[in-house]
């Protein structure tokens, strides 16, 4: 069954996600579905090494999982997915791997944008322009323009991105407005700075998901992940599919999110009562 979305004043039909080959269906979480899931696609190199293959093969297989995960997110009802495709630190890798990743990401975006558009995915690129290959930036801009009116799922494709870099860029832009007399420094607060981020309307991250067994943020969406629930899985990204995303969403739904607030006194008393029995 196709879903209708809005394109200008007209309505269009979005393509129904293809079911998983196993026949698995997403769990029903109702209001507990995370609105924004940030994913660190980690483990491509280790996956390839375990099989005696070059690192590039891990990246190729890992890319095949992206579309499956996005379709699983649509089935689940997730509104926003952020994918860490290439970080500002990845330039430290060998010239051969950097060249491969630039070419690969450019080709992936070009080949995928029509399918993403049909699925109702809005593509947004987050990252720095300097150093990024012009051919990659062009494909990202074309994908953004083609999908800008889609409203089923927003995909933030983080390319040449770093969390500290984003905050530094925001601070620089804010400082320039202060110097130009457009902004009173005495009135600067968190909300003010947030307006200078790459996408001020990006929802805060609810679920920060990292496969591969590593347990760190790797400088990813630092501002937006202030109160994110962290879920780390041992599966390597090339073996990751929508079922792993669903399992992470189930884990998220079981968490007690207080956003820095205290546990109510009655809950504390109940916990103390249980601990003394």
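Using N, Cα and C of the backbone, Cβ positions are placed for all residues, glycine too.
Feature list (source: Swiss-Prot):
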REGION    1-30  region 'Disordered'
BINDING   42, 229  Mg(2+) binding site
ACT_SITE  42  active site
BINDING   43-47, 55, 59, 87-89, 91, 93, 210, 216-218  substrate binding site
ACT_SITE  90  active site, proton acceptor
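Overlay of Swiss-Prot feature records on the structure.
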residue : record                 : contacts (Cβ under 8 Å, 6+ apart)
42      : Mg(2+) binding site    : 210, 211, 212, 214, 218, 236, 237
43      : substrate binding site : 58, 62, 211, 212, 213, 235, 236, 237, 238, 239, 240
45      : substrate binding site : 55, 58
47      : substrate binding site : 58, 61, 62, 236, 237, 238, 239
59      : substrate binding site : 44, 100, 101, 104
88      : substrate binding site : 127, 128, 160, 161, 162, 165, 219
91      : substrate binding site : 98, 131
217     : substrate binding site : 40, 163, 208, 225
229     : Mg(2+) binding site    : 34, 206, 207, 208, 251, 252, 255, 257
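Put plainly, the recorded positions 90, 210 were compared by Cβ crowding within 10 Å, and the winner is 210. A strand conformation is recorded for residue 229 (Mg(2+) binding site) in the three-state DSSP classification. A strand conformation is recorded for residue 210 (substrate binding site) in the three-state DSSP classification. According to DSSP, residue 59 (substrate binding site) is assigned to a helical segment.
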